[in-house]
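Visitor: According to TrEMBL, the record shows the following:
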- 10-201: domain 'Succinylglutamate desuccinylase/Aspartoacylase catalytic' (DOMAIN)
- His19, Glu22, His113: Zn(2+) binding site (BINDING)
- Glu175: active site, proton donor/acceptor (ACT_SITE)
- 219-299: domain 'AstE/AspA barrel-sandwich hybrid' (DOMAIN)
Amino acid sequence: MEPVSLPALSRVALCGGTHGNEMSGVYLVRELQRQKLEKAGSATLTTIISNPRAVQVCKRYTDMDLNRCFTDAILSSPVTDATPYEVRRAQELNTLLGPKGNVGAMDLVCDLHNTTANMGLSLISYSVQDWVIMHIYRQIQRKITSAPVRFILLDLPLADAYSQDSLGKHGFTIEVGPQPHGVVRADIFNIMKEAVDQTLDWVQCFNSGSAFEGGEVDDVYSFVKSVYYPRDPETNQITAAIHPQLQDRDFCLLHPGDPMFLMFSGEIVKYEGEEVLHPFFVNECAYYEKSIAFHLARKMTVTIPPLQVKRD
C-alpha cells in the first residue's frame, strides 16, 4: 500500500465513567486529573468523567445508557423538561469534544470501559480504515503481553455511531475485563493504564515525525449479530444460563452443534448457525436488561499502509 500522511493529533481526550460503575476508567481519569497531566508531548490532553451522576451513585446510568446517545439523531434532538439526563449530557459532551463530524472536533477521543466478560483487552471502533486507530491498535498489540489484545469492528456509518468515541475525528473504546461492576481490580486497572500509556506514546511519536511501517494486522473481529437468552414467552423471564463450555471463552470458535445455553430445566441448547463465528461479551452483566447473551463476530486480517504525520 502507498504511504499515507495525516495531520498531527493536537488535541486528545481520555474519558472515563461513561458507565458509572465501570471503575478502571473512573479511577484512571481521576488519577490523571490528580497529577494535572494536561499534555502528551505536543498534544493537549483533556480528561473527562463523562457521566458524573452515574459515577456518584455507582450505576451504569441514571435515565438511559449514555453510550447509546451519540447518534446524530439523538445529538440533534430538542431538549425539553422531559429529556433524560444522559441525552442532555451527550449533547454537552458533543459541544466539548465535537461537534461530531466537524473539522473542529477533538483529534482523538479514547473512551475507557470495563466488561464482566473474559475479553482481555479490546479496542472497539467503527472503521478498520482509520489508519491512526489501526496503527495505535498494532502498537498496543505488540507492546502489551499481560492480556490478549483484539480489535472489534462495529461497521456503522458515522451518523449511526452511538458511542462517545465517535465524537472525535479519530476515536476508539478501550474495553478491559473481566471485572465486576462497581469494583476496581489492580490487574485490570494496570492493563487499561498500559493501553492508555501506549496510546499516548504513539501519539507523541506520530506528532514528532516518526514513520510507522505498513503491514498486516490480525485478531480483528467484525460484529455479525447478537444472540439472545431463551425466555419464557409468558413471563419474559430468562430460562437458561450460558453453557459451562462457552462461559469465559470469549473469542473462541463456535461451531454448529456446540453448546450455547444450559436450560434451567436441564436441556442443552446448541448453536445452529451455518457459519463458524467467534462469541464475545459472553454473559456480560450489563446486557441482561437487553436479553443479550453474547455477540458473534467474524475474524479478519487487515492490511494497513505506512503512516506518518503530514507537515505543513
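One-based numbering along the chain as shown.
Cβ from N, Cα, C; glycine included.
All TrEMBL annotations are machine predictions without curation.
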Visitor: Kindly report the helix/strand/coil residue split of the domain 'AstE/AspA barrel-sandwich hybrid' (219-299) according to DSSP, in that order.
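Guide: Helix, strand and coil residues of the domain 'AstE/AspA barrel-sandwich hybrid' (219-299) number 6 helix, 36 strand, 39 coil.
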Visitor: Long-range same-chain neighbours of His19 (Zn(2+) binding site), Cβ under 8 Å, sequence gap at least 6?
Guide: Asn51, Ala54, Arg60, Tyr61, Asp65, Leu66, Asn67, His113, Asn114, Ala286
Visitor: Let me spell it out: for each of the recorded positions (Glu22, Glu175), count the other Cβ atoms within 10 Å of that residue's Cβ, using every protein chain shown. Which one has the most?
Guide: Glu22
Visitor: Residues other than His19, Glu22, His113 within 8 Å, Cβ to Cβ centroid, of the Zn(2+) site?
Guide: Gly17, Thr18, Asn21, Gly25, Arg60, Asn67, Leu112, Asn114, Thr115, Glu175
Visitor: Averaged over the domain 'AstE/AspA barrel-sandwich hybrid' (219-299), what pLDDT does the predicted model reach?
Guide: 97
Visitor: For His113 (Zn(2+) binding site), list the number of other Cβ atoms lying within 10 Å of its Cβ atom.
Guide: 25
Visitor: What is the interatomic distance between the Cα atoms of Glu22 (Zn(2+) binding site) and Glu175 (active site, proton donor/acceptor), given in whole Å?
Guide: 10
